[in-house]
Structure formats: structure tokens, C-alpha cells
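Lifted from Swiss-Prot, the feature list:
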DOMAIN    51-360  domain 'AB hydrolase-1'
ACT_SITE  S157  active site, nucleophile
BINDING   R227, D357  substrate binding site
ACT_SITE  D323  active site
SITE      R325  site 'Important for acyl-CoA specificity'
ACT_SITE  H356  active site
Amino acid sequence: MPTAFPPDSVGLVVPQMAHFSEPLALACGRSLPAYDLIYETYGQLNATASNAVLICHALSGHHHAAGFHSVDERKPGWWDSCIGPGKPIDTNKFFVVSLNNLGGCNGSTGPSSLNPENGKPFGADFPVLTVEDWVHSQARLADLLGIDQWAAVIGGSLGGMQALQWTITYPDRVRHCLAIASAPKLSAQNIAFNEVARQAILTDPEFHGGSFQEAGVIPKRGLMLARMVGHITYLSDDSMGEKFGRGLKSEKLNYDFHSVEFQVESYLRYQGEEFSGRFDANTYLLMTKALDYFDPAANFDDDLAKTFEGATAKFCVMSFTTDWRFSPARSRELVDALMAARKDVCYLEIDAPQGHDAFLIPIPRYLQAFSNYMNRITL
């Protein structure tokens, strides 16, 4: 519990809400007549608005990327190791914007929001979203903030996909793109993992076809299982072996199916329980579908190099050796396409045992490489 914030912290931050009354047309063919986006900012926008950086979050992320909401808050924002004075995304230099995406469950309009047409939660009636839909909504937020062009758009995992989409959809509005632990599209295996997670939610009796809020319940079991499956894919075999091995919770085996016997079982159950108490099931379905649908090359004859021909940004691609969810091979595929499109791109593969979640962890070589690239950005 901090009584004084570290000197490299952005300190206390206050979330802000932006309301948009102009309808937003969506890829699914529907539209949202109006919507809200909750966001936070760190640092100061300079006179020419040339120092703005957009942070795009991953599947379960949100707007609170850095700093603290109160002096009593135990943990800072989810990317606090990378955002702040003297950190890779240096708030002495950059004005940083972090939002909760449309369809989220942390303040932006999403399935748990009230539908103005009937006064009930949207639930399963909330439209299916794509990465491109998010980028369009983010562009409107940029307009509201007076930002014509981002100095950089940065994201890890699903956030990296949004950063890439920015360079395709709004090529003149982003100067640098940093895609970390990401991929140009999901593999069949990744789609399969997402489907298992969705089925865990959809088949939970408490899901009620997505109208669980009206029923006054939560599909806790389904969300818990979905998170447990997902969390396994975010870690590496080495990191799980080092952290848990075959360690037992007690001194002996119980020879039953109900006891939590292994430490790794206890860890996964804790992660699932904690997640199911704070995340919306319909939002989880939306986020995984947006992941599945992301395939920008599909609009360019499946030619990834052609996809980026119109991009004007400079690119930085980073991957982690033990990430098997978005493996280094997928990042190299992206780098090869960018090089074929004659784009300015640098690539770094970090040797790290933490798996996919490594992009969230303050690994010294990763932070140093991140800082080196950001220091090169001129305003």
C-alpha cells in the first residue's frame, strides 16, 4: 500500500469518459447509435500534438495501464513497468492515451451497459466487433483529443493487432507502430483454444443465452474454465515447471477427484475464480471473436506484403522465445512481409522463459530494447 509513489510512477490518475453521439457503423453490418469510451492519459500533450502515443490493450485489458487510482490502491496499472517518467514510454516526453475498448466491461459501452432502446443490459444482443471497429472508435477519440497523428501506436498480443490495423486503416495518422508478442492472424490452434473457452461460457447453465444479468446470476463456472484454459496458453512449460513442478498442496495424495492436490491446480483455480468475479462473460466472447476474425490480408488476396503497401509508419516488432501462443515465427512472418513491402522495420526476439505473458513483465533486456526504440522517435 503506497504512501508515496515511486519517482518513476505517473502517480494518481483519474479516468475520463468520452461520449460519442454519431452512429458507428460496424463490420458486422450493424451500428451503434451512441457509445462511451473510458480512458486515461499520462503526461502532457505538446503544443503541436506531435507527442501522442496510443496504448491498445489485450483480451482482458482495460484503460488503467499506469499509475494509481488512489493512495490505497495496492497494484498500479497493468503496464506500469513500461509507462512513466524515464520508462520505455516516457511520460516526460510523450502524452499517453490508454482506453478500454468498445465492448469492454470496465466503463466503455459494452454488453453489460444498458441498451437505450429497452433499458435492459445489451447482453448477447451487443453487436459482434472486429479489430477494425475498435480502430475506428479509437480514431474518433483521437479527434476528440485534438490528435491528428499518433507518434506511436503500441500494443501487445491483441493490442499489437490493433496497432497493425491502425497502419492499414489510417496510414497517415500513425508514425510508429510497435507490435509486441502479436501475429498477423490467429493460427487454427489459437482459434481452437478460443472456441473451447467460448463453449465453457456458452454451456454454463447460468449463462442464460447471454441474459444472465437480467436473471441476476453470473456464469462463474464457465468464465472460470475459460480463464483457466487461456491462462495455460499465456505461460510456458518451462515457467510452469519452475514455478510449480509437481509440487503438492499437502503432504500426500488424496486419491479422489475433488481435492486440489497439485500447486498448479490451486494456481489455475485461483486465477479462474479471481477473473470470474471481475470480467463480463459476453465481453469475453466478443474479445475472442475479434481475435479470431483479425486477418487484414484477407482483403488483399491473402498477400501480407500487399496489405502493408500503403502504410507509412515505421515498425518495431518484438517477440519472446517461449511464447507458443504467438510464437516468434509469427512475428518473423510479419517482419518478412513488411520487408517485402519495403517498410522500415526492426525486429527483436527476447530470450525469456515467461511465455506469452512476457510482454507484461519487466524483463531488463526487453525494457532496454523498448526504451532504445522509443528514444529514437522524434517529435
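Every residue, even glycine, has its Cβ placed from backbone N, Cα and C.
Shown here: features listed in Swiss-Prot, placed on the structure.
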residue : record                   : Cβ contacts under 8 Å, 6 or more apart
S157    : active site, nucleophile : A58, L59, I180, A181, S182, R325, F326, H356, F359
R227    : substrate binding site   : A197, Q271, G272, F275, S276, F279
D323    : active site              : A181, S236, G355, H356, A358
D357    : substrate binding site   : Y234, L235
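Taken residue by residue with DSSP, H356 (active site) is part of a helix.
Note on the domain 'AB hydrolase-1' (51-360): its mean pLDDT in the predicted model is 96. Residue environment of H356 (active site) contains 23 other Cβ atoms, counted within 10 Å of its Cβ in all protein chains.
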